[in-house]
Amino acid sequence: MNVTVTGAAGQIGYALLFRIASGQLLGPTTPVNLTMLEIPEGLAAAEGTALELQDCAFPLLRAVTVTADPVRAFDGVNIALLVGSRPRAVGMERVGLLESNGRIFGPQGAALNAGAAADVRVLVVGNPANTNALVASAFAPDIPAARFTAMTRLDHNRGVAQLAAKLGVHVDQVRGLSVWGNHSALQYPDVNHATVGGIPVTDLVDEGWLVDEFIPRVAGRGYEIITARGASSAASAASAAIDHVHDWVNGTGDQWTSAAIVSDGSYGVPAGLFSSFPVRGVDGRWEIVQGLSINAFARARIDASVAELTEEREHVRALGLLP
Ligand code: NAI
């Protein structure tokens, strides 16, 4: 399998590449050709990481390529992990962030369209992830939009871990959590269908804790990590990216998870937006979990997050960043 990681010299890239090369992304029997895409300033560091990858003598790692050319990086790619992006500079407005990243993800979408394998799967990690996925997909008219996704798995995993900690159980007891909407402070981690040991979470915790602690803690966990660590989440983000692609390829069995995928209009999310939904991995595709009841509180939270996605789409359209 040809796997390409963009932003390979960044901190998520450093946490991600070794796990891919060791077989954790695609399983212990799938050889990997790894390509690292960086901007020219990042090439030397990426070359250094390539030397370390060589030194690991991973049995599954067949080739490592470092390049600053997106067309070369995406030629024949099966799995594209779009991590590299322009960080928000001090004083930069959200529109500025959307603009500088739209200028990265449009050309990368076009390069994917030009050369990716027919079965390509794209995961956008770089923020603003949902709208970057929308822009990349818009520039790849020959690739079905369902093959572009954005990462909300870190938010999902954070929610699972918080529930497990609160209830004093292991994470594997927590099922049925859903993250809706945008990967932003307005995301909605929803426990209305979640269970712990088969018991509804809503019977185990009070509403005050859910509204005042759980939701803000999950949505604000990125800031908590930056404050504690002095740097943004990297290993946990890389781990979530591994989980996302692993479950997309191998399926989720009798569980579900959360991922931002193109909306088909389910749950009132306008078709064409890249929104997080509860999803199942089935036969190598993501399927939105259907038929969940949505109460008034959940409806308001989902609508607020989706309104932000609509606004971001309008911004990139107004900036001329959509074809
Ligand atoms: P970083 O700043 O350490 O690394 C980013 C790398 O991307 C740099 O090496 C840079 O040279 C490279 N880059 C920039 N433009 C590029 C381009 N056009 N092509 C290829 N490479 C390019 O950042 P870090 O910590 O690795 O985070 C990467 C992104 O992931 C950020 O946007 C961050 O906000 C996002 N993120 C998303 C999460 C999610 O849950 N969706 C979670 C955590 C981070």
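Even glycines carry a Cβ here, placed using N, Cα and C.
What TrEMBL records for His183 is active site, proton acceptor. Its own atom aside, the Cβ of His183 (active site, proton acceptor) has 29 Cβ atoms within 10 angstroms in the protein chains shown.
Other Cβ atoms within 10 Å of the Cβ of Gly13 (NAD(+) binding site), summed over all protein chains shown, number 25. Annotation source TrEMBL lists NAD(+) binding site at Gly7, Ala8, Ala9, Gly10, Gln11, Ile12, Gly13, Asn101, Gln108, Val125, Gly126, Asn127.
Sequence annotations record features per position, and here TrEMBL assigns substrate binding site to Arg88, Arg94, Asn127, Arg158. Around Arg158 (substrate binding site), taking its Cβ as the centre, 24 other Cβ atoms fall within 10 Å, counting all chains.
Feature annotation from TrEMBL assigns domain 'Lactate/malate dehydrogenase N-terminal' to 1-141. Secondary structure of the domain 'Lactate/malate dehydrogenase N-terminal' (1-141) per DSSP (helix as H, G, I; strand as E, B; remaining residues coil): 63 helix, 26 strand, 52 coil.
What TrEMBL lists as domain 'Lactate/malate dehydrogenase C-terminal' is 152-317. Mean pLDDT for the domain 'Lactate/malate dehydrogenase C-terminal' (152-317) in the predicted structure: 97.
Cβ packing within 10 Å was compared across the binding-site residues Gly7, Arg88, Gly126, Asn127, and the lowest neighbour count falls to Arg88.
Annotated pair Gln11 (NAD(+) binding site) and Asn127 (substrate binding site), C-alpha to C-alpha distance, rounded: 14 Å. In the vicinity of ligand 1, defined as a Cβ distance under 6 Å, the following of the binding-site residues Gln11, Arg88, Gln108 are placed: Gln11.
The binding-site residues considered are Gln11, Gln108; of these, Gln11 has the fewest other C-beta atoms within 10 angstroms of its C-beta. The two recorded residues, Gly7 (NAD(+) binding site) and Arg94 (substrate binding site), show a Cα separation of 21 Å.
For Arg94 (substrate binding site), the Cβ neighbour count at a 10 Å cut-off comes to 14, with all displayed protein chains included.
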